[in-house]
Amino acid sequence: MEAPPFSSSCSSSPLSSTARLLSSSSPSSSLLFRRNSFSKTHYSAKFKSPRNLSVRASGDSVVTLLDYGAGNVRSVRNAIRYLGFDIKDVQTPEDILKADRLVFPGVGAFAAAMDVLNKNGMAEALCSYIEKDRPFLGICLGLQLLFESSEENGPVNGLGLIPGVVGRFDSSNGFRVPHIGWNALQIKNDSEILDDIGNHHVYFVHSYRAMPSDDNKEWISSTCNYGDNFIASIRRGNVHAVQFHPEKSGDVGLSILRRFLYPKSTTTKKPTEGKASKLAKRVIACLDVRANDKGDLVVTKGDQYDVREHTEENEVRNLGKPVELAGQYYIDGADEVSFLNITGFRDFPLGDLPMLQVLRYTSENVFVPLTVGGGIRDFTDANGRHYTSLEVASEYFRSGADKISIGSDAVYAAEEYLRTGVKTGKTSLEQISRVYGNQAVVVSIDPRRVYLKNPNDVEFKAVKLKNPGPNGEEYAWYQCTVNGGREGRPIGAYELAKAVEELGAGEILLNCIDCDGQGKGFDIDLIKLISDAVSIPVIASSGAGAVEHFTEVFMKTNASAALAAGIFHRKEVTVQSVKEHLLKEGIEVRI
Ligand code: 1PR
């Protein structure tokens, strides 16, 4: 159904700005691997290869991109290029008015984005472009900005094209905020770009959302349920916007982008309601990366964090090349890929250019979220040049990371916070989450079990164990460590998790040194303890050895995702077989 022409006009807010309009640098043109180069071993009919969606556009295949420099839009660039289009960056408001098709991947906070748009005359140009019903695709914040206002650090006026206020998710009803992960859409109105959605999930990551109402119902093409029904996408004529991230939604996300970029390829197929119904549990492949003794960056994997072979040479265990393995796990259906630079605590990551290259190359072909961790902290190099943790994180984001993960530095920050009760705003955790949003900040915890006869023997939260300790101890507390498990700290995993949530972490990656590489299953006691204690998503990690371990962790704890490394690297179990097993056991996953 064709929607009526636009009637609302732009509101503008006289906000001051320190932000600058930056056009981001173009990524490296060289490729470690080209598309179609992935091997398709273990391919299962249920999990389709994303490669069949690549479209070669011809002629005027240029997309205008509005990137106001507030965050990482590299993934959007990569997806557009992958689909065969060139990108023209908006430099002036006239570039918006002259665009044939405009993509607006809003990133960062609502107020800062409006600030930049108003200051540069972009807000007016955007409104004019949209009111003329020119082809437009807003992504995430690029959808929210179309509304009248947002409560994010506000109220703050938006572009005022769609009636409604953008508000925060309510976490009091037990739903974890941010809303991170793969969720299902309910199609409300015909929107050609969603025609392939079927029963697929798409990837969301946000804390704020717009709600459906009588005033905006003509705009809504789909909703999503997370506690309540919020607006997942809008469509009016040639104007589309989505709250989710098509550039991070794998196969189906690429098809949504392709349908927008290449409308001639759309069919008359009607949208279908699928079986997907809610937030899916995520399966994450993790790559512990470090330089081996020859200086090559390799994927390694430890047993209880010991990554050296027990041979005379004592070399670092080498399980493959990071970019290739990440590509393979994407093909296999991994919902996310994490890179942990495990020697980042001693080697400065910005000196570790190969790691940045790994991210750049991976993000050119892998269209699910990428997390990178290791070495995110303030650092002064040999020349006396000081780098803040924010600069380190920014470099990771610019290179293709969607989330960064902080280990050791978060432990120090939590200890300080618990000691003083004061949030200084200066810790890496606080600074990065303030600039990039807490959904972009993961805290990786590396705890070790300390057995106890009596839970009152320590000031830290202890749990009653399912299986007693080596001397019959019935309790344990989980001591946090830093520097890759080398140093125990006076803080428990429970205390740390609660503190980092308050400091701005958006997600917790919960490892367990005792279980790492053992293949005997996740530490259910620990994961239950932490996932019940916080209201941000918890990723269960360490110990997966069989598909049943994933089912167990999702059935017995409130983990939102489960991560594994060794079993995938050694090809003992594939991501597909994990998902097939979860589905069989009635646990919703992305297919
Ligand atoms: O402290 O901010 O520099 O971050 C360092 C990061 O590197 C932390 O996230 C820390 O967990 C990680 N790390 C440091 N040393 C090691 C090591 O193994 N020697 N790896 C290490 C941690 C744990 C998991 C692993 C799961 C699943 N690896 O990520 O992938 O335990 O393994 P499994 O399925 O084989 O059991 P900073």
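Keep in mind that glycine also has a Cβ here, set from the backbone N, Cα and C atoms.
Features of the protein shown, as given by TrEMBL:
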- 65-261: domain 'Glutamine amidotransferase' (DOMAIN)
- CYS140: active site, for GATase activity (ACT_SITE)
- CYS140: L-glutamine binding site (BINDING)
- HIS245: active site (ACT_SITE)
- GLU247: active site, for GATase activity (ACT_SITE)
- ASP288: active site (ACT_SITE)
- GLY375, ASN511: substrate binding site (BINDING)
- ASP446: active site (ACT_SITE)
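With a CB cut-off of under 6 A applied against ligand 1, the recorded positions CYS140, HIS245, GLY375, ASP446 are reduced to GLY375, ASP446. Remark: GLU247 (active site, for GATase activity) has SER75, VAL76, ASN78, ALA79, PRO105, ILE139, GLY253, LEU257, PHE367 as non-local neighbours, by Cβ distance under 8 Å and separation of at least 6 in sequence.
Between the CA atoms of HIS245 (active site) and CYS140 (active site, for GATase activity) there is a gap of 7 Å. Mapped onto three states, the DSSP output places ASN511 (substrate binding site) in coil.
Taking a C-beta cut-off of under 8 angstroms and a sequence separation of 6 or more, ASP288 (active site) has the following same-chain neighbours: VAL299, THR300, LYS301, GLY302, VAL307, LEU340, ILE342, ALA565.
CYS140 (active site, for GATase activity) sits 29 Å from GLY375 (substrate binding site), taking the CA atoms of both as reference points. If you average pLDDT over the domain 'Glutamine amidotransferase' (65-261) in this model, you get 93. Applying an 8 A CB threshold to same-chain residues 6+ apart, the list for ASP446 (active site) reads TYR305, GLY407, CYS480, THR481, VAL482, GLY484, GLY485, ASN511, ILE513.
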